[in-house]
Amino acid sequence: MLLNDREIKELIDKKEIIIEPFSYEQIQPASIDLRLGNRFRIFRKGEIEVIDPKDFKDELIKIEQDENKIIEKYKYTDVIITENPFIIYPGDFVLASIYEYIKLPRYIAAQLHGKSSIARLGLIIHTSAGWIDPGYEGHLTLEIFNTNNVPIKLYPKMKIAQLQLFRINPVERDYKEKGGKYYKEKGATSSEIWKDFI
């Protein structure tokens, strides 16, 4: 059953659902607004010939920091922004994180959707992974794609997504207990699909 605003508020007040930081203004009639974090992960163009899901580990090879706080990795470049916008160019794909930390109980599942105002700019905020299992905990990763023919500026803490919450019968084993790959993820987290081949 999809939760309404009253039920969402009640579960947050009881600390059954944890969203931090949180303001009651984020509660919509049947969802919660979520904001964009400040961590982005970008594929390093020209350095990857092909992606092999069996061997997609993101091995750290070097770290460089300057005033823009850029950290270099093998397959990605990590960018942490503070006040300036992050610009996503036409046809670009980036991983980003949600600002809020989320924790769901074993009887709540969730679905993540882009906000309509964001979609009308030509921005897809999750290319396919919108489902969140009961027991999830962490900062959700967004898979952002610019379908527009012009660049789009993204600002830290701007409203970017809506989280719908569904009450279900309590699961036998939740996301944590099943060893979910992205349990307690922080920042924009790379694919760990290679673990499916072990």
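In case you wondered, yes, glycine gets a Cβ from its N, Cα and C as well.
Database features (Swiss-Prot):
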ACT_SITE  Glu143  active site, proton donor/acceptor
BINDING   Lys115, Ser116, Ser117, Ile118, Ala119, Arg120, Asp133, Thr141, Leu142, Glu143, Gln162, Tyr175, Lys184  dCTP binding site
SITE      Gly130, Trp131  site 'Important for bifunctional activity'
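Positions of the features from Swiss-Prot, shown on the structure.
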residue : record                                     : DSSP class
Lys115  : dCTP binding site                          : coil
Gly130  : site 'Important for bifunctional activity' : coil
Leu142  : dCTP binding site                          : strand
Gln162  : dCTP binding site                          : strand
Cα distance (Å, whole number) from Gly130 (site 'Important for bifunctional activity') to Gln162 (dCTP binding site): 10
Among Lys115, Leu142, which are binding-site residues, the residue with the most C-beta atoms within 10 angstroms of its C-beta: Leu142
The one of Ser117, Gln162 whose CB sees the fewest other CB atoms within 10 Å, among these binding-site residues: Ser117
Under 8 Å by Cβ from Gly130 (site 'Important for bifunctional activity'), counting only residues of that chain that are 6 or more apart: Gln111, Leu112, His113
Pairwise Cα distance for Asp133 (dCTP binding site)/the residue listed as 'active site, proton donor/acceptor' [Å, integer]: 17
Listed in sequence order, residues with CB under 8 A of Glu143 (active site, proton donor/acceptor) and six or more positions away: Phe93, Leu95, Ile124, Ile125, His126, Thr127, Ser128, Ala129
